[in-house]
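Written below as C-alpha cells is the structure these notes are about.
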Amino acid sequence: MVSVLHSISTIIIIAEFVWGNLSNGLIVLKNCLDWINIKELSTLDQILILLAISRISLIWETLLMWVKDKLISSITIEELKMIMFSFMLSSHFSLWLATALSTFYLFRIANCSWQIFLYLKWRLKHLIVQMLLGSVMFLIANIIQITITLEKRFYQYKGNTSVNSIQNEFALLIEMMLFNMTIFSVIPFLLALISFFLLIFSLWKHLQRMQLNSREDRDPSTKAHRNALGIMVSFLLLYTMYVLSLLISWIAQKNQSELVHIICMITSLLNPSVHSSILILGNFKLKQSSLCILRHLGCRLKSQNTPTT
C-alpha cells in the first residue's frame, strides 16, 4: 500500500513539475516575444516575467531537494549549502515579486481619494522598484545570519564527510532555513494581506456608488476588482499552504516519515505551479496565447489521427 501511494505521489510531483514549467514558461515566452516586437514592456509584464523566472527556479530547486535523499551519499556539505541557498533565493524573490504584483493590482485598480494613496499611485513604478530593492536587504540579512550560525556550528562536523555527517548538516540547514524563511516572510505576506483588504474596501465603496447611481455591478471596474481579488486570494492561500508544508516536511524529516514528506512536497509545488496558471487565466493576453497553443496542439493531434487515403 505504501509503495502504491509512493508511486502515485511521484506521478503527481512530476505532473506539477511539468505543469509549473509550462505555465511559467508560457508567461516568460509570451512577454519576451512582445518585448522583442514592441520594444517595450509594461510594469505588469516586467513583474510577471521576473515572477515566472523565479518560480521556474523554485520548482527546480524544490525537485532537487526532493531527490537529495537519493544523492546524499554522492554530494558534499558545500554542495548541500549551495542547494539550500539557491532554494532560499528562489523562494525569496517568488514571494516578494508576488507581493509586488498584489501591490500593483491595488494601486492600478483601487479608487481612493487619500492623498498618500494618490501619491504612491502616481509613483507606482518607483514604489515597486524600491520594494524589491528593500527586499534584497532582507535577503542579505537572512543569508548572513544563516552563514554566521553555520560557521559557529560547523566545527563539530569539520573533517567528517560521512553520510551521517552530511545528513546532520542538511537537517541543520533545513531547520535554520525554515525558521528564517518564516520570520523574513512575515513582512511581504502582511503587505499582500493589506493590499487584499484595501482592494476589498475599494470594491465595497465602488459597489455602493453603483447602487446609489442605480447601475449594474458588471462594469469593467467591478470586474477588474474581482479578478484581482481572485488572484490575491489564491496567492495568499497557496503561499500559506506552501509555508505550512515546509514546516510539516521538516517535522516529518526529523521523524523520518517519508510519505508525509512527499505529501508536503506535493503541497509546496502547488504555489509556483497553480498560481501561475491562475495568473494566465486572469490575464487576457496570456489567456489568448494559451488558447491559441491549445487549439494548435488540438489541430496537430487531429491531423495526425486522421487516416490518410
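Cβ coordinates come from backbone N, Cα and C, glycine included.
The N-linked glycosylation site annotation in Swiss-Prot covers Asn160 (among others).
The N-linked glycosylation site annotation in Swiss-Prot covers Asn180 (among others). Using a 10 Å radius centred on the Cβ of Asn180 (N-linked glycosylation site) and all shown protein chains, the other Cβ atoms total 18.
According to Swiss-Prot, the feature N-linked glycosylation site maps to Asn255 (among others), an assignment based on sequence analysis.
Per Swiss-Prot, the feature topological domain 'Extracellular' maps to 1-7 (among others); the stated evidence is sequence analysis.
Beyond the ends of the topological domain 'Cytoplasmic' (29-46), by six or more residues, the same chain brings 101, 104, 108, 124-125, 128, 285-286, 289 to within a C-beta distance below 8 angstroms of the stretch. The annotation topological domain 'Cytoplasmic' is assigned in Swiss-Prot to 29-46 (among others).
The feature topological domain 'Extracellular' is assigned by Swiss-Prot to 68-81 (among others). Mean predicted confidence for the topological domain 'Extracellular' (68-81): the pLDDT average there is 63.
According to Swiss-Prot, the feature topological domain 'Cytoplasmic' maps to 103-127 (among others), an assignment based on sequence analysis.
Annotation comment: Swiss-Prot describes 149-182 (among others) as topological domain 'Extracellular'.
Residues or ranges marked as topological domain 'Cytoplasmic' in Swiss-Prot: 204-227 (among others).
Annotation comment: Swiss-Prot describes 249-261 (among others) as topological domain 'Extracellular'.
Counting residues per DSSP class in helix, strand and coil order gives 22 helix, 0 strand, 5 coil for the topological domain 'Cytoplasmic' (283-309). What Swiss-Prot lists as topological domain 'Cytoplasmic' is 283-309 (among others).
The transmembrane segment annotation in Swiss-Prot covers 8-28 (among others).
Marked as transmembrane segment by Swiss-Prot: 47-67 (among others).
For 82-102 (among others), the entry in Swiss-Prot reads transmembrane segment, with the evidence type sequence analysis. Remote same-chain partners of the transmembrane segment (82-102), defined as residues 6 or more beyond its termini with a Cβ less than 8 Å from a stretch Cβ, comprise 44, 47-48, 50-51, 54-55, 57-58, 61-62, 64-65, 68, 128, 131-132, 135, 138-139, 142-143, 146, 173-174, 177, 180-181, 184-185, 188-189, 191-192, 195-196, 231-232, 235, 239, 271-272, 275.
Proximity of distant same-chain residues to the transmembrane segment (128-148), defined by a Cβ-Cβ separation under 8 Å and at least 6 residues beyond the stretch ends, is recorded for 43, 47, 85, 88-89, 92-93, 96-97, 99-100, 103-104, 173, 176-177, 180-181, 184, 187-188, 191. The transmembrane segment annotation in Swiss-Prot covers 128-148 (among others).
Per Swiss-Prot, transmembrane segment is recorded for 183-203 (among others), and the stated evidence type is sequence analysis.
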(message) Below 8 angstroms Cβ to Cβ, which residues of this chain, lying six or more residues outside the transmembrane segment (228-248), approach it?
(response) 95, 98, 101-102, 105-106, 109, 178, 181-182, 185, 189, 192-193, 195-196, 199-200, 203, 260, 264-265, 267-268, 270-271, 274-275, 278-279, 282
(request) For the topological domain 'Cytoplasmic' (103-127), find every same-chain residue at least 6 residues outside the stretch whose CB is under 8 Å from a CB in it, and list them. (result) 43-44, 47, 191-192, 195, 198-199, 202, 205-206, 221, 224-225, 228, 231-232
(request) Quick one: find which recorded stretch in 8-28, 47-67, 183-203 has the most Cβ pairs under 8 Å with the transmembrane segment (262-282). (result) 8-28
(message) At a C-beta cut-off of under 8 Å, are there same-chain residues at least 6 beyond the transmembrane segment (8-28) that contact it? List them, or none.
(response) 48-49, 51-53, 55-56, 59, 63, 66, 259, 262-263, 265-266, 269-270, 272-273, 276-277, 279-280, 286, 289-290, 293
(request) Could you say whether, by DSSP, Asn180 (N-linked glycosylation site) belongs to a helix, a strand or a coil region? (result) helix
(message) Let me spell it out: take the topological domain 'Cytoplasmic' (283-309), skip the flanking residues so only those 6+ beyond its ends count, and list any with a Cβ under 8 Å from a Cβ in it.
(response) 26-27, 30, 34, 48
